[in-house]
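Report on the following structure.
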Amino acid sequence: MRKILIIFILSISFLGFSQEEEILDLYNQAEQYKEQQDYQQAVNTYKLVLNKAKSTYGKSHEYYGIFLNNLALLYKSMGDYQKALPLYLEALENKEKALGKEHSEYGTTLNNLAGLYKSMGDYQKALPLYLEALENTEKALGKEHSSYGIRLNNLAYLYKSMGDYQKALPLFLETLENAEKALGKEHSDYGIRLNNLAGLYKSMGDYQKALPLYLEALENTEKALGKEHSSYGKYLNNLAGLYYSMGDYQKALPLFLEALENTEKALGKEHSEYGIRLNNLAGLYESMGDYQKALHLFLEALENTENAMGKEHSSYGISLNNLALLYKSMGEYQKALHLYLEALENTEKALGKEHSSYGKYLNNLALLYQSMGEYQKALPLFLEALENTENALGKEHSSYGISLNNLALLYKSMGDYQNALPLFLEALENTEKALGKEHSSYGKYLNNLALLYQSMGEYQKALPLFLEALVNTEKALGKEHSEYGIFLNNLAGLYESMGDYQKALPLLIESNDNILNQIKQNFSFQNEKGKEAFINNIVSAGLNKFSQFNYTTDNSYLESISVGTNNILTSKGLLLNASKDILSLLESLDDEEHNDKILQFRAQRKYINTQQQLTIDKRVKDFTEQKETLEELERELVKLYNINFGEDLNYVKDWKKTQLKDNEIAIEYTHFRYFNKKWTESTMYVTYLYKKNWETPKVINLFEEKQLKKYLSSSNNPNILYKTRGSKAKSTTAQLAVADSIYNLVWQPLEKYVETSEKIYFSPDGLLHKIAFAALPNPDNKLIGEVYDINQMGSTADVGMNIKYPNLEDVLLIGGVKYDYQIDSTKQKKKLLTAF
């Protein structure tokens, strides 16, 4: 199109007529407004150009068609597709009449119209136009012409957008070859084709092929255009994006920063491209867990997009969506909700409800409502998102499978299994065709379908699906991946529901090892929020599983009892250390060498975590070596922490290593929600006891939580929980009965194991933290604290450890206080009124 405009300008300059000179002046003004992103002035000026051309040449003249095309192109860049469309259609009709369908300019206009349909998400209309434009250019100019390469490139891009990578790949390869022959490897257009081919490989997940192409594109652009050119910043951004996708944040960060600096210098902070760079950098910081930096950049990107393109532009909707995703990750659902709604409204106006982006934002909003537990609001949004994806991308696209799966999961959460089942089946079929049976998503959908059959009680249908999901995940992601551990646990749960505990136990143990491995790799160096999420999502669902299993099997499996005891100790250790940010404590030392190690560790950890999310065949070749580098960095940081703070960072506990002395006993209370083929409303309390030389701990099933709640809620006075002593020992018979009842629940079943012990260490759990154990009465009317040397702990794993306690040399202890003074409420009210 640029060449066409040059020809036009030369011709009217040659003619030299005043009207034509006026048209040229107006055209140059419009182009300047466009470069300055003053789009409204550009539109107004282009309209003047169009009217002048109409009166000077007539609507049938080719020049009139050029200006139609230019105005359409401007509207397209503004995101106003509805205004661009009739102009492109009129321009196409003009070219056909003025030049004929065989002319190359007709092919150019076909290409432009196809590009508009692509931007609108209407791929089915774009495809035949791109094909016709390609055929036109081949006949008019030949396959060796650079314009033919441009048409190939556009068609390849369309196939890529449609997810049809196999059709896109040979076209991108051919367009690269075309650019090399027609223009040479030194030409900047060759760099563009390298960049495009790299982008396809990136989308295909083939990062190893994408990387050298991005590097070559960057080198080409540096030589052809210079480092100061905006295209250099664009390719820096793309290379950074690849490293980001590979999880190599340490390499991505300086590139994103350099791309941002380049764009600021080349285009200015007001340019929309600067906003794109801000968005990308913010996304990296979000992935690194640095939400404060991400938030600042996302807000700046939003402001940039508003100023540069206006609130009506679709890019503004993208920025709103990105900011909403961050707020959702931060748990600020109300802020996220407002932004999602605004993003949806923006996209509806800018692109229309038929665009795939509209479906994407519907899906995001639905997921937010689902996270908030508002299923009735989520349901119609998921349904609309599914319909949108079908219309915009087609039922064969993998995104359609994702939408099916999301809707099915919602129905399952709502207990609507009949609606969920056909959706899960269709999602599985879609994924098999779109991605193949070897893809990890196929394993995930197998697992989801199996869980549904299990919930429906159809165990024989669930079993082969769980087994296949496990095999798929092992091959695609590896046994160390967290999803493999989850699928092991799910299969074990099915065997439990079937009563086949012999098959369930080894699966549970392997799943448990997977969780312990995650703790070793991830827990120590997470921030407080990350640790809390880890405990809620992993520990509660995973480590507590053995207490449930032992209870269900009447404590029949000795190995399971030992694992269960270790899990209780490990869980409590994690909870006690959830607020301890190891890296922040090391950073507080303000040692430059320490800080360098921390930065290296954070980047390497993110890199490894992201690599583990990829299928094994997509991981970098030196993955094992990279993982060993992470482990070495971790060992160095643990050593530094131990030197400076003197605390043990081994969170995975073993009851046999507890430093109990002879004739001492440890008691670990724990509680769990009872599962009996399905989740019940019952919460059970049990206790695990162990001594130094025991082969296996003892397990005693105690009570259901509602039994204890009955006594705790019987009065607001804490003194009824135990016999009061001292100056006002006025316990009633009813109070003594409550204290006796609590004793019978929490301590009496343990008596035969503890009565000969010289010292008792115990760790309460759940509601038992409200009980003053030492003040409970035994049948001989003595307090437990009088009979035994009893010591309460956060975790009995800490017995004998060098724990730092506060100085209690000077302390006033007051127990059993009864606040029986009642103030005169009337006087108090008058006093308050006077005071105010």
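Cβ coordinates come from backbone N, Cα and C, glycine included.
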The annotated coiled coil range in TrEMBL, which must be one of 84-111, 616-643, 644-671: 616-643
Surrounding residues of the repeat 'TPR' (233-266) on its own chain - C-beta under 8 Å, 6+ positions past either end: 191, 195, 198-199, 202, 207, 210-211, 214-215, 217-218, 221, 227, 273-274, 276-278, 280-281, 283-284, 287-288, 599-600, 603-604, 606-611, 613, 620
Winner by Cβ pairs under 8 Å against the repeat 'TPR' (275-308), considering only 65-98, 107-140, 317-350: 317-350
Beyond the flanks of the repeat 'TPR' (401-434) by 6 or more, those residues with Cβ under 8 Å of it: 163, 359, 363, 366-367, 370, 375, 378-379, 382-383, 385-386, 389, 395, 441-442, 445-446, 448-449, 451-452, 455-456
Arithmetic mean of per-residue pLDDT over the repeat 'TPR' (65-98): 86
Non-local residues, at least 6 beyond the ends, that sit with Cβ under 8 Å of the repeat 'TPR' (107-140): 1, 4, 65, 69, 72-73, 76, 81, 84-85, 88-89, 91-92, 95, 101, 147-148, 150-152, 154-155, 157-158, 161-162, 351-352, 354-357, 392-393
